[in-house]
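Student: Okay, so TrEMBL annotates it like this:
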| type | residues | note |
| --- | --- | --- |
| TRANSMEM | A:6-27 | transmembrane segment |
| TRANSMEM | A:36-56 | transmembrane segment |
| TRANSMEM | A:76-99 | transmembrane segment |
| TRANSMEM | A:141-162 | transmembrane segment |
| DOMAIN | A:164-453 | domain 'NADH:quinone oxidoreductase/Mrp antiporter transmembrane' |
| TRANSMEM | A:168-187 | transmembrane segment |
| TRANSMEM | A:199-221 | transmembrane segment |
| TRANSMEM | A:273-294 | transmembrane segment |
| TRANSMEM | A:306-328 | transmembrane segment |
| TRANSMEM | A:335-354 | transmembrane segment |
| TRANSMEM | A:360-383 | transmembrane segment |
| TRANSMEM | A:395-421 | transmembrane segment |
| TRANSMEM | A:441-462 | transmembrane segment |
| REGION | A:533-555 | region 'Disordered' |
| COMPBIAS | A:542-555 | compositional bias 'Acidic residues' |
Amino acid sequence: MNPWTVQTLVPLPVLVPLFAAGLALALHRYDRAQRIISVAALSVVTVAAAGLVVFARDAPVVYDVGGWAAPVGVNLVADPLAALMLLVSSVVLLCVLLYSMAQGIADSGDRAAPLVHDTEAIRRILEAQDPDADELRRRNVLPVAIFHPTFLILAAGVGDAFLAGDLFNLFVGFEVLLAASYVLLTLGGTVERIRAGSIYVVVALLSSILFLLAVGLAYGATGTVNMAQLAERLPEIDPGVRLGIQALLLLAFGIKAAIFPLSAWLPDSYPTAPAPVTAVFAGLLTKVGVYAILRTQTLLFPRNEALEIVLLVLALATMLIGILGAVAQDDVKRLLSFTLVSHIGYMIFGVALATQAGTAAAIFYVVHHITVQTALFLVVGLVERRTGTTSLERLGSLATLAPGLAVLFFIPAMSLAGVPPLSGFLGKVGLLEAGVLDGSALAWLLVVGSVVTSLLTLYAVIRAWNKAFWQPRPDGQELPEESHLPWGMVGPTAALVTIGVGLTVVAGPLYDYAERAASTVMGEEAYIDAVFPDGAPRGTGESDEVTNDTGEDQP
Amino acid sequence: MIVLDTVPSGALLLAVGVLFAAGVYLLLERSLTRVLLGFVLLGNGVNLAILVAGGRAGAPPITGGAGATEPMSDPLAQAMILTSIVITLALVAFVLAMAYRSWQLHEHDEVQDDLEDARIARLAEHDVPSYADSDALGSGAMLDEEAVAARDEVAFPDAATRRRPDSSARGGGDT
């Protein structure tokens with residue numbers, strides 16, 4: 001049998017970053033080696049994801065980890081939805097990694113890099129604690145280059161969460177990416193990051209516990225955690241128990257995705273992290289939550305009218321309250337964090353409609369939002385690098401000082417607000433169309449709410465653009481002319497902005513793909529067929545070698 | 001095919017309930033160490049709940065034992081519990097490190113106020129709209145310093161006030 005098939009691609013997005021993370025940690029003294037390893041690993045992931053997008057188009061690709069067939073073994077399933085999310089996330093991860101390398105977050109050789117600032121703070125604290133300690137000991141306490149390994153583990157967790165073919169593996173993927181995100185958020189352990197990090201960690205721990213409990217309940221009720229089998233068995237169990245499991249899963253993922261009453265942690269914790277970390281969190285982590293909601297609500301559970309109404313109301317509240325928060329902000333990072341919360345509402349709107357059109361629109365919107373939101377945060381990182389602040393009270397006249405930066409901010413901001421012909425407009429049109437097709441009074445209310453949110457987003461980002469780029473600085477000071485942004489930071493940002501614009505160009509095929517992904521998730525047959533080709537469980541949990549020859553140690 | 005005995009043991013269920021109740025209570029505390037203990041209790045409660053889902057205790061979770069007729073426990077539930085114990089261990093280690101770091105920096109490990117909460121509370125106190133740079137308002141104490149100093153814990157009342165005299169007026173974390 002040929003060992004190199006399409007299925008070989010499936011475990012790569014998890015395996016390669018994990019191995020690379022170990023290698024990078026072992027080589028933490030060799031800065032250049034670390035960089036090469038990280039970039040190579042994420043490039044391999046991107047290529048593998050691109051391959052999966054092509055091969056998963058017709059039927060989901062299933063891989064049995066360790067050779068144990070489903071439902072007993074753990075399997076990874078790359079259906080169109082997972083493959084698409086994987087491709088977008090790996091491209092974003094690669095761009096952010098390149099950006100962070102130029103910013104000098106991994107090494108501390110750069111003057112204006114945030115981490116250098118932090119090490120200074122740590123050094124001061126250490127001096128206050130123990131003035132007699134020698135310089136060498138102090139240097140040992142300063143953070144080692146853990147950024148690259150942690151970032152790779154985050155990538156592995158994201159990949160695992162997207163590819164997981166059973167609920168428990170999804171939980172493990174979540175935990176891997178969350179554990180990495182705790183480290184990245186509290187990088188350097190400064191006062192501000194510890195404050196924001198403790199809130200973030202406690203909230204995330206709670207959501208993990210809820211998720212684990214839901215997995216346990218699902219297992220108790222159906223006797224399986226395999227998604228294909230759950231999709232078959234969940235419709236048959238007691239509706240009350242099913243509603244409990246569904247609501248618990250929704251609660252756990254709702255915290256991750258920052259849906260309105262569960263979203264207060266996000267705008268407080270994200271902006272304190274270094275710019276590339278904030279960018280990748282904003283782009284990916286909440287979307288993993290949205291993906292999990294999409295996956296579980298559509299694939300596993302049959303339609304539930306009451307829960308759909310609750311989700312629609314929550315989507316409306318998320319949109320409006322999030323954007324009203326954004327309008328009131330003085331800091332660009334916080335403003336963008338609030339727009340992030342607000343636009344999660346759009347995706348939940350699409351999911352809550354529970355129609356194929358709604359789901360397809362939500363998938364397209366997720367793809368658009370990952371690229372655009374990450375690009376915006378990267379641009380804000382550039383602004384911070386150029387001017388040393390992100391407060392709108394202190395920024396000004398950047399359009400004359402850094403016209404390129406102004407363009408880089410303007411395009412994704414317009415896309416976020418939904419100005420035609422950018423991808424945000426297309427995503428919103430898709431959602432509005434799905435809402436109108438649904439036709440219920442609540443759906444119409446959400447259509448109106450979406451348009452209002454879109455206008456308020458336009459107001460918020462234009463206000464930021466005016467204050468930071470167009471108006472003169474309030475204090476009348478001029479920026480130093482000579483400081484130039486490194487190309488390594490501008491390049492990846494420009495690449496992401498270009499990809500965001502490119503989404504408009506390829507919107508037709510992309511929307512087709514999103515529709516295909518939606519039909520695979522909504523119509524469960526394709527997914528179940530791929531995991532159980534003959535309609536019956538393939539694995540029995542008994543290895544041939546063990547049953548034939550009990551003398552063998554390992555199958 | 002051996003059918004599992006699925007009637008759960010009452011003692012285990014009771015233990016799950018008690019662990020959950022105590023865990024939720026501790027999770028609502030302000031000190032990071034207690035929150036962590038709450039998390040550990042909740043995690044153990046969930047693990048026990050999964051164990052209950054795996055059937056009655058007493059039988060080995062392996063096949064190919066003395067005879068095919070012997071009852072067997074569900075190994076999958078136990079495998080999941082083992083995984084989640086390992087994950088919990090790692091997270092506990094991280095949170096402990098974070099609590100220690102917080103103690104290093106502030107001499108306490110309480111989860112601090114959201115800065116935005118503090119900002120809004122201050123605006124309400126001064127009865128002003130929020131379009132100015134509100135950090136510059138009032139006494140001059142910066143918001144983050146204030147959030148650090150605001151404490152619920154009463155066991156060591158002077159710890160915060162001794163170091164930051166300006167914080168005594170608004171300690172108590174009532175925002």
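Cβ coordinates are placed from backbone N, Cα and C, and glycine is handled just like the others.
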Student: Using a cut-off of under 8 Å between C-beta atoms, tell me which stretch among A:141-162, A:395-421, A:441-462 contacts the transmembrane segment (A:6-27) the most.
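Tutor: Ranking A:141-162, A:395-421, A:441-462 by Cβ pairs under 8 Å to the transmembrane segment (A:6-27) puts A:141-162 first.
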Student: Any residues 6+ beyond the ends of the transmembrane segment (A:168-187) with a Cβ under 8 Å from its own?
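Tutor: Sequence-remote neighbours of the transmembrane segment (A:168-187) are 74, 76, 105, 115, 118, 143, 146-147, 150-151, 153-154, 156-162, 193-194, 196-197, 200-201, 204, 208, 211-212, 215, 225, 256, 269, 272-274, 277, 281, 285, 288, 292, 295.
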Student: Other than its close neighbours in sequence, what residues sit by the transmembrane segment (A:36-56), given a CB gap under 8 Å and a spacing of at least six beyond its ends?
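Tutor: Cβ under 8 Å, 6 or more out: 6, 9-10, 12-13, 16-17, 19-20, 23-24, 27, 78-80, 82-84, 86-87, 89-91, 93-94, 97-98, 101, 148, 151-152, 155, 159, 513.
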Student: How about the transmembrane segment (A:76-99) and the transmembrane segment (A:273-294): at least 3 CB pairs under 8 Å, pairs 6 or more apart in sequence, or not?
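Tutor: Yes, these stretches are in contact.
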Student: Do any residues, 6 or more residues outside the transmembrane segment (A:273-294), come within under 8 Å Cβ-to-Cβ of it, and if so which ones?
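Tutor: Contacts with the transmembrane segment (A:273-294): 81, 85, 89, 92-93, 96-97, 99-100, 103, 105, 114-115, 151, 154, 158, 161-162, 170, 174, 177, 181, 184-185, 187, 193, 196, 249-250, 253-258, 266, 333, 336-337, 340, 344, 347-348, 351, 359, 362-363, 366, 369-371, 373-374, 377-378, 380-381, 384-385, 521.
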Student: Please work out which recorded stretch in A:141-162, A:395-421, A:441-462 has the most C-beta pairs separated by under 8 angstroms from the transmembrane segment (A:360-383)?
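Tutor: Most Cβ pairs under 8 Å with the transmembrane segment (A:360-383) come from A:395-421.
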Student: Within the same chain, where does the transmembrane segment (A:306-328) have neighbours whose Cβ lies under 8 angstroms from its own Cβ atoms, ignoring anything closer than 6 residues to its ends? I mean 6 or more beyond.
Tutor: 243, 246-247, 250, 254, 258-261, 263, 267, 335-336, 338-346, 348-349, 351-354, 442-443, 445-446, 449-450, 452-453, 456-457, 459-460, 463
Student: Taking 3+ C-beta pairs under 8 angstroms (sequence gap of 6 or more) as contact, is the transmembrane segment (A:335-354) in contact with the transmembrane segment (A:141-162)?
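Tutor: Counting Cβ pairs under 8 Å, fewer than 3, so no.
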Student: List, by number or range, the same-chain residues at least 6 past the transmembrane segment (A:395-421) whose CB is under 8 A from its CB atoms?
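Tutor: Cβ under 8 Å, 6 or more out: 332, 339, 343, 368-369, 372-373, 375-376, 379-380, 382-383, 386-387, 389, 427-428, 454, 457-458, 461-462, 464-465, 467-474, 479, 481, 485, 490, 493-494, 497, 500-501, 504.
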Student: Please indicate, using numbers and ranges, the residues of the same chain that are 6 or more beyond the transmembrane segment (A:199-221) and have a C-beta under 8 Å from a C-beta there.
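Tutor: Same-chain contacts beyond the ends: 167-168, 171, 174-175, 178, 181-182, 185-186, 230, 234, 237-238, 241-242, 244-245, 248-249, 251-253, 255-256, 265, 268-269.
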